[in-house]
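Contents: one structure, followed by commentary.
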There are 4 protein chains.
Amino acid sequence: MSSNTFGKDFRLTTFGESHGDFIGGILEGLPAGMSIDLDFIRSELNRRKPHSAYSTQRTEDDEVRFISGMENLKTLGTPLAFIIPNNNARKSDYDNLKDIFRPSHGDYTCFRKYGINASSGGGRASARETTTRVVGGALAKLFLRPVNITVKSEIESICDFDYITQRKEAEEALKKAKESSDSLGGVIKCTIQNVPAGLGEPVFDKLSAVLAHAMMSIPSARSFEIGDGKESCKRFGSQDIDHWNEDFTTKTNHCGGIQAGISNGMDIIMHVGFKPISSIGLIRGITREGKIKETENKGRHDTCAVLRCGVITEAMAALTIADFIKRSQQEK
Amino acid sequence: MSSNTFGKDFRLTTFGESHGDFIGGILEGLPAGMSIDLDFIRSELNRRKPHSAYSTQRTEDDEVRFISGMENLKTLGTPLAFIIPNNNARKSDYDNLKDIFRPSHGDYTCFRKYGINASSGGGRASARETTTRVVGGALAKLFLRPVNITVKSEIESICDFDYITQRKEAEEALKKAKESSDSLGGVIKCTIQNVPAGLGEPVFDKLSAVLAHAMMSIPSARSFEIGDGKESCKRFGSQDIDHWNEDFTTKTNHCGGIQAGISNGMDIIMHVGFKPISSIGLIRGITREGKIKETENKGRHDTCAVLRCGVITEAMAALTIADFIKRSQQEK
Amino acid sequence: MSSNTFGKDFRLTTFGESHGDFIGGILEGLPAGMSIDLDFIRSELNRRKPHSAYSTQRTEDDEVRFISGMENLKTLGTPLAFIIPNNNARKSDYDNLKDIFRPSHGDYTCFRKYGINASSGGGRASARETTTRVVGGALAKLFLRPVNITVKSEIESICDFDYITQRKEAEEALKKAKESSDSLGGVIKCTIQNVPAGLGEPVFDKLSAVLAHAMMSIPSARSFEIGDGKESCKRFGSQDIDHWNEDFTTKTNHCGGIQAGISNGMDIIMHVGFKPISSIGLIRGITREGKIKETENKGRHDTCAVLRCGVITEAMAALTIADFIKRSQQEK
Amino acid sequence: MSSNTFGKDFRLTTFGESHGDFIGGILEGLPAGMSIDLDFIRSELNRRKPHSAYSTQRTEDDEVRFISGMENLKTLGTPLAFIIPNNNARKSDYDNLKDIFRPSHGDYTCFRKYGINASSGGGRASARETTTRVVGGALAKLFLRPVNITVKSEIESICDFDYITQRKEAEEALKKAKESSDSLGGVIKCTIQNVPAGLGEPVFDKLSAVLAHAMMSIPSARSFEIGDGKESCKRFGSQDIDHWNEDFTTKTNHCGGIQAGISNGMDIIMHVGFKPISSIGLIRGITREGKIKETENKGRHDTCAVLRCGVITEAMAALTIADFIKRSQQEK
């Protein structure tokens, strides 16, 4: 069965196909009496929307409506359900894709799994699905607000360029990709601050393991690193050890805030790599009969996923931390 | 609550502290009537044992005994329980660590979580725990054998050296680390072959996401990549697309056998990075009162985790695939 | 965390407060390509509506709308979400109950659990919640239709009267209860036919155990019996054994179709007892300060739950069997 | 997959076939630092052993050994594993049953489910399995001890006789059953005291629903009633309401301590009915080929399950309450 729920004690369950009338979800685990800051939720959704020239021109309204679980913007302790209407489903854009499996897309694998062709938007493998994660993540951030835990993200690299020091080169690569109807990959850095020491459930649900699960479930994710990640793996132990300060903080944070799968109170730092999206201008697909067929891709798509991905990584991080906070409450 | 179970429909639940009398586990999900190849299980355990000069000199017997779930080496369809006695617990080696939290270890985080000091071996944060994963993984491999799915691993790099092309340099680094009671990080490549197309449960339990979870739950794991991983994130889309052959295989395998979270029938390829283990010769720990204290580390430990880690990554890969095969059977 | 999901591999998750704008749910586990018979679903909802003179006069529209998971009335294999607007929330009817905990209601226990007063309809402890079970159950029945499994229910007794042989006495008791703004308890018999042998997951998820769970989760349920139930417990073994026919059916069915927690192919027969609902004319409530306070109950309520409960027991039975069918598919 | 785990946050997972070398289990959810009272656990196991003339003469040693999760009789917060060797497996007693399916046993249903013949003790459908429940239950009782929650049970009826007022008649029925190698059914009353108000997780995991699940998972259980049970279903609402005292206790306890699926602070009272066990002197079985075959039953069995069942109902009750206490801790 497809997996539509993330979290054990703070749970987001989502539904909705890319081009269906609604997408939405149910968030369970919020305590009763919590204030829901709708403006914040909308501002988070807004961050996921296409803003730059390099993002899809498909307008996304993302007007979220909460239909249960709150009264007068206060939670009731019951499941909080929300729906987002899809005002902009232009299925016709995808008509010429109906008969082919696009390369490096989910068309073929979904067909092999479910036996139906969802290439024209009838499936869930779509960026649109991530909207529900952003709503869930915004609710998780509201849940974390009173304990001062914050999540932020930044673009670390685009193409082969460090986004801080080589931003000009990155912009040029984007321009070049856009002009040639091509796309670009990149890496997001996501940081969680003020996490108390003690979160994580070894041996299998180490905090780092569940964060990896969360991040790698985002469409197009290809790599996950905690702390210094792959750089650590090139070091001697003596170079990678995070030495103690006398207040139990550490002088360095090579480990990214997690020791033996449990948070140590330092910032949790992750790096999530996203492949270049595969919806480029010219699609060399394959028919069910095994004939290669070249098609022009008229659907509106992003040049670079990482320009909009940050808020999604934050959402998944916030959902994960909220869940572990609830799970840890049993241990008192 | 600590998480001791991996898998949903093919489940391994494990127990046992590093220096307790027994470790062991329960494997659920094997069909009735399956032959258990004990020699194979022992050979897998043997692969996890220290062999090289750079591995811990702590002898590990790892004599596994199955105490339920089979009769005459045939499974009964009931839970298969196994125990492994610990014949070699030299707790005294750890006496001088009792009063400190070692840096970059789980001592402090476990203490913050459970309120007890497990630094002397009373906790589960230990390489010994992985023995039970190897048993579970061997059973998973036996389960996968009739459908011809195989899992293999190789050392990809040690320190900053490619293990194939720079093996001599890697060996020298190992020697140097060993001599200075230091340690080294590295990367394991793990490949799963003959996986049928259609495995994986989007949107949250994408095959890549659960494999990331599985791998990042192994002690010392710092990075996870699927397919070309971080390299993909530096590319243009036109460079990263895996173009079709007419038999639905692809000309390249940048994606590592998974599209949109579902297997596509190509080899599944992962890269798992391990930090250098933090048990080095001189430990600068901290007492509960916040005093830094230097101690000699008399416990026997590995110079480089990746020399023994391959079979553990394979075990987690096999457990994951076995679980998804069972999960997929409901979709028929 | 409140539990809003029933089932493991065929799962219904529900939301919605009694007097909120919407109730609804998500059904996971339907295969792709299944036809959805909307008329059947509506007819099931219709069975739950008040029809007789002894049912609440609160009109319930129950117009269900499916907002994901199907296209042209065919399932897509994705989660099927549905919403039911509440057109008839007369919160004012409950105004005089706001300040008291009614006796034998969930008001006090919900307050002790969630810290909020849901007595005026802000909670989930309400007959209205069961509408979502009926939708889920109707979908489960559609899932079971191709394998010919059917679920039916009948009123077994009302008050102390067998509903078949003493129907006149039962009707008189109902009339008397109605006239005095009182209520009546009763028992529903629920039968599942054509269940294949082999369903059930001992040792803890015996088919009888999960059916008990399902039935006892219905509001007002007080007793669950499988097969001859309490009568069996009065017998000698020689009287209760179901002797074999040569085709592996049994001459009697004292066990109600389940042996050792697994279906044996005979009819599954259950008896579910419902207490008289506690919403009667005169309510002797208690304030938060511990003052007893008599109030007239103006809310519109049923005289006897069992007149409308049958379809709900069927829904829970169908959901349970559908789940076990999916669970059993892994064992092939 | 067979279900071998009970509980969500306080979890017992069990293994072991009736005539295997070991049975055992893993208990997760105990906090670190809790004292384990071994004598108490042994005394609970002792209560499950055959004592009376009407119980099986099969001696059961039940020497439990804890092999992980504790040090010096203090828990470590890690999973607590235990094994119980089977010193008394007389498989030969069952030789003549190998080729038949006994009536009203799990032989046929297990065969239909797993495809193997477990009639001679290779399966889990056996009273012996309940030993692991008693160990888990004893640990749950120790967990509940500091908050003063107690569980007790008593025989309510045997055959058709109230065990308090008609004890002499019950004893005579037992004697008669024993002499004719027959068996008898009965009912156990189980009471949980000092449960705080607020336990239970509606809408699906109502406390009454999960208790029903727990009790109906015990071998031979046929009926479950909460509070006045079936008697309530015969009443008018005005007769069944539990009126308030000014301290929020109630004058009566018809509901058995649970309102709307949540504990109200009064005693939780259940009644669990057990069928007469089907292992009587003369077995009219059926071969796989469909031939009826009469056989003498040489296995040693109880005359009346309820004489030994009390401690098992208590165990399941204690496990359930412990789990809900852990689950409720997240709501703070």
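Each Cβ is built from the backbone N, Cα and C atoms, and glycine gets one as well.
Annotated in TrEMBL:
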| type | residues | note |
| --- | --- | --- |
| BINDING | A:Arg48 | NADP(+) binding site |
| BINDING | A:Arg124, A:Ala125, A:Ser126, A:Ala260, A:Lys275, A:Pro276, A:Ile277, A:Ser278, A:Ser279, A:Arg300 | FMN binding site |
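Proximity to chain B, defined as a CB-CB distance below 8 A, holds for A:Lys275, A:Ile277 out of the binding-site residues A:Arg48, A:Ser126, A:Lys275, A:Ile277. In sequence order, the binding-site residues from A:Arg48, A:Arg124, A:Ser126, A:Lys275, A:Ser279 that place a Cβ under 8 angstroms from a chain C Cβ are A:Arg124.
For A:Ser126 (FMN binding site), the same-chain residues that are 6 or more apart in sequence and have a Cβ closer than 8 Å to its Cβ are A:Glu17, A:Ser18, A:Pro219. Each of the binding-site residues A:Arg48, A:Lys275 was ranked by the number of other C-beta atoms within 10 Å, and first place falls to A:Lys275.
Within 10 Å of the Cβ of A:Ile277 (FMN binding site) there are 24 other Cβ atoms, across all protein chains.
A sphere of 10 angstroms centred on the C-beta of A:Arg124 (FMN binding site) encloses 29 other C-beta atoms.
Counted within 10 Å of its Cβ, the other Cβ atoms near A:Ser279 (FMN binding site) come to 21, all protein chains included.
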